[in-house]
Amino acid sequence: MQNRNPFSWRKKQMARSIYVSVSIMIYVLSQVSISNAYPIFAQQGYENPRETTGRIVCANCHLANKPVEIEVPQAVLPDTVFEAIVRIPYDMQLKQVLANGKKGGLNVGAVLILPEGFELAPTDRISPELKEKIGNLSFQSYRPNKKNILVIGPVPGGNRGRGQIYPDGSKSNNTVYNATSAEGESIKLDQPLTSNPNVGGFGQGDAEIVLQDPLRIQGLLFFFTSVIFAQVFLVLKKKQFEKVQLYEMNF
């Protein structure tokens with residue numbers, strides 16, 4: 001469960017007190033399904049989950065391209081709790097090949113990379129409503145020294161299903177193909193003879209969060225207030241001038 005870091009050094013210092021509450025919501029056709037995935041492969045094999053090209057390393061094993069959506073607030077203040085949502089849509093009727101060779105439900109997880117200084121909010125600062133949304137999802141830091149990178153479930157990116165290959169390059173049993181036509185069966189021209197039982201894949205997206213300086217907001221409010229008062233005083237002065245002109249004309 002994000003590219004350029006738009007924060008200056010000053011904003012980075014302010015961001016150290018930022019807490020982040022992450023809610024992963026798995027959207028399906030009619031219900032919500034939560035399961036585990038395999039973040040341990042990425043955590044063991046890569047010091048940083050984002051490569052220099054910007055791609056998240058989950059794509060090295062999850063080859064199929066799948067959609068994923070990310071929602072974060074447009075702007076946040078220092079020392080505040082906010083919600084980041086990663087939507088991973090998939091059909092509940094689809095199955096994947098499990099480790100034992102049988103078909104079962106999809107594993108779903110996400111890795112969320114936030115700017116430096118952001119971290120997961122402590123439980124005492126998460127509202128009851130947000131806790132209810134999060135449910136039984138597990139959260140952990142990618143590394144003890146990388147608290148701004150969160151692993152949810154087993155990624156901006158989202159995994160669904162088992163990977164087609166393992167980090168060492170060997171194929172997983174997700175590359176198995178099942179024949180759809182039996183021997184002696186008649187088929188049509190260009191009809192596919194096989195289908196891939198694997199429905200897994202990987203999606204990645206980016207979103208921007210603006211860290212607002214409270215002093216800047218206070219200054220903006222002060223400026224707006226000053227403009228309003230200036231307009232009021234100008235109107236009062238105009239009324240006073242009109243009264244003086246009217247008095248001189250009558251005199």
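Along the chain as shown, the residues are counted starting at 1.
Each residue, glycine too, has its Cβ placed from N, Cα and C.
Curation plays no part in TrEMBL annotations; they are all automatic predictions.
The annotation heme binding site is assigned in TrEMBL to Tyr38, Cys58, Cys61, His62. In the three-state DSSP reading, Cys58 (heme binding site) counts as helix.
Here TrEMBL flags 38-159 as domain 'Cytochrome f large'.
Residues 77 of the same chain lie 6 or more positions beyond the ends of the transmembrane segment (217-236) yet place their CB under 8 Å from a CB of it. According to TrEMBL, the transmembrane segment annotation covers 217-236.
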Let's see if you can do this one: DSSP helix, strand and coil counts over the domain 'Cytochrome f large' (38-159), in that order.
21 helix, 42 strand, 59 coil
